[in-house]
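**Q** Below is the structure I would like to discuss, written out as structure tokens.
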């Protein structure tokens, strides 16, 4: 009987030993679990950037929103993606831990991607089979639900994945840890770059059960599938992970400390109480001086953050306004056709080119010239480069506007008169405009509500709706007028298409080359099948000329905005970490606020010309950069490590001198390595820059805040 509990205990011990062996198993010196995390990150980044690359065009051409609404919703989504990491970090540190947070929010993420893909299937509500959804409310509601879930998922796991990967390394694997940084960030860039190239190509394909339309379900479906793969891969390595318990989130302590300082200062506002050096010093009665000192550093940096959202206001319009601008340009590069949403790939390509040039050539050259090009000065110059990028975008837009047709406003109608009568007809447009239309000819007019036909005794033909394009077809009996309001057209995504006309057993085929952005009307005579041999003598009318401004003209603005990003974003992040290395939520919020500004301007600005909006944003950023340069001039640089060491010494927490020197040398070496990794990462992928920095990765999720 005394041995009854031995076997269960031995079994439990064996299971525990097996788990330890699996968790510490290595391949080429790396924990095996790392490979699951790296693949997971690649698939997740492919999923996010692939969906985001085609999002604004989905709003514009599937949901038929105007440019302003499409831009507003796009930036509202991006802003939410930058706010939810705060929630994800709090959940991971205070409640679930990093592993469970990644699992649960990845499930939410995958559901959102699948929901988004389903919302793009037009055949679900296309009862009349005309290629246009009959119930746009269904598609809008489904897509908005999908975007909210995606924002919760991608933002929630953002501060957890890299930190969780760092948890897998042992103390003796510091070299492998640094390599993990490089591989991890390489996978992020590979996923984002490939998805931005591939998903626009998938979107340009045509599909449909009843009608052929651009393949948004495939463009959103592939990222959804990659997100499901990402989740499955991550779960597959569950038994190999080292999982740490939640350690508590420092944000709550910071908020309570600030609140206590404000309340205590208000209580002692009388003049009989001596003033203190800083208002946060009113919290030292209850909170640790080290925490108060760290909060002071953070608040000092946060004050400098106030003007920074304006940079992100311009930068993130690459995926909205600039993509919409590219839709009015020609993407024919001869050897290949570039889709409008593929122009975004110019940014990461230029990043990979400019970063080594800046780090190894430009900045050292400036330093050798004896110029004091401090981090804050670099950020100011970066803001000015972004402003110049929008001036370049405005100049391109002016050239585009010269080629655009004159569309009817909301108070006008466009009238297209098509004469397929076998004689010339005289059309009188009230009150005093006359059109003489030859047989098989098309003419346009604007700003009129009715017209009459010569030699017809019928009443005037009146247009009932404004802001629409009307077709009036003069048939063999011109007094029997046929009219229709244009609600759907055949959208052609290729430069050349073949058309087949069928009548019973007879058929005719013709091929037509199209230009980007052009609109054509084909007039086919009734005699096409009058004989046994097809005699097709179609008349082609070019309603709108093709786009003549080439997408290559956008390259200068991408070059300028990318140069600004290298100087502003990378330098700004390094500056923030050097001045307040342990609390960086503010940097994330500047990006969210910047996208909210775009939303407000797009909805309330309503400038008549797009180039004027570009100039407005450029002017605002120039003004903000001047304010920022003044703030930077009066800023005093500090050394957080020195301040913290002094406080520890005052509190008697300072280690022995020899141990201190050893620690400082180790931290310096480790910091240099990590700074290099962070520099490579943040420059190559600005989306991740505000949530990843750590000297010790096992403290990563806390250090963000």
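Placement of Cβ uses the backbone N, Cα and C atoms for every residue, glycine included.
TrEMBL entries are annotated by machine, without manual review.
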**Q** Taking 46-63, 244-261 as the choices, which stretch does TrEMBL tie to transmembrane segment?
**A** 46-63
**Q** Which is it, of 379-398, 399-418, that TrEMBL names as transmembrane segment?
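**A** Residues 379-398 are the ones TrEMBL records as transmembrane segment.
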**Q** Between the candidate ranges 447-469, 470-492, 493-515, where does TrEMBL place the transmembrane segment annotation?
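**A** Matching range for transmembrane segment: 470-492.
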**Q** If we call contact 3 or more Cβ pairs under 8 Å (sequence gap 6 or more), are the transmembrane segment (177-198) and the transmembrane segment (46-63) touching?
**A** yes
**Q** For the transmembrane segment (614-638) against the transmembrane segment (297-315), do we get 3 or more Cβ-Cβ pairs below 8 Å once near-sequence pairs (under 6 apart) are dropped?
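**A** Contact between the transmembrane segment (297-315) and the transmembrane segment (614-638): present, because at least 3 Cβ pairs are under 8 Å.
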**Q** Based on Cβ pairs under 8 Å, which of the stretches 102-124, 297-315, 349-367 lies most in contact with the transmembrane segment (218-242)?
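**A** By Cβ pairs under 8 Å, 102-124 leads among 102-124, 297-315, 349-367.
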**Q** Determine which recorded stretch among 46-63, 102-124, 297-315, 585-602 has the most C-beta pairs below 8 angstroms with the transmembrane segment (69-90).
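**A** Of the candidates 46-63, 102-124, 297-315, 585-602, 585-602 scores highest.
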**Q** Are there at least 3 C-beta pairs under 8 angstroms linking the transmembrane segment (46-63) and the transmembrane segment (297-315), leaving out pairs fewer than 6 apart in sequence?
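**A** Counting Cβ pairs under 8 Å (6 or more apart in sequence), the transmembrane segment (297-315) does not reach the transmembrane segment (46-63), since there are fewer than 3.
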**Q** Most CB pairs under 8 Å with the transmembrane segment (46-63): which of 102-124, 349-367, 585-602?
**A** 102-124
**Q** Let me spell it out: take the transmembrane segment (585-602), skip the flanking residues so only those 6+ beyond its ends count, and list any with a Cβ under 8 Å from a Cβ in it.
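**A** Residues 68-69, 71-72, 75-76, 78-80, 82-83, 85-86, 251, 298, 301-302, 305, 308-313, 315-317, 320, 572-573, 576, 613, 616-617, 689-691, 704-705 contact the transmembrane segment (585-602) from elsewhere in the chain.
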